[in-house]
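Remarks on the structure that follows.
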Amino acid sequence: ATGSPVAECVEYFQSWRYTDVHNGCADAVSVTVEYTHGQWAPCRVIEPGGWATFAGYGTDGNYVTGLHTCDPATPS
């Protein structure tokens, strides 16, 4: 289950191999990535100014459609 959209200070940059997420906020954020094909993505805590790497869109065009808040303590 995904939460609400993340704040505008959290951005993602996608390529075919990796999706890098940057936290430009003043506080740590818990983020997961939503994909076109509904692929599962982990919940990662990103410290202020920090980065996290998720899967890219690959050869089948499984693009990132958005970032959402999540609870890192909840097993999926």
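Placed from the backbone N, Cα and C atoms, the Cβ positions cover glycine too.
Per Swiss-Prot, disulfide bond is recorded for CYS9-CYS25 (among others). According to DSSP, CYS25 (disulfide bond) sits in a coil region rather than a helix or strand. Residues within less than 8 Å, Cβ to Cβ, of CYS25 (disulfide bond) and separated from it by at least 6 positions along the same chain comprise ALA7, CYS9, VAL10, PRO48.
Under the heading disulfide bond, Swiss-Prot lists CYS43-CYS70 (among others). Mapped onto three states, the DSSP output places CYS43 (disulfide bond) in coil.
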Residue among disulfide-bonded residues CYS9, CYS43, CYS70 with least C-beta crowding, 10 angstrom cut-off: CYS9
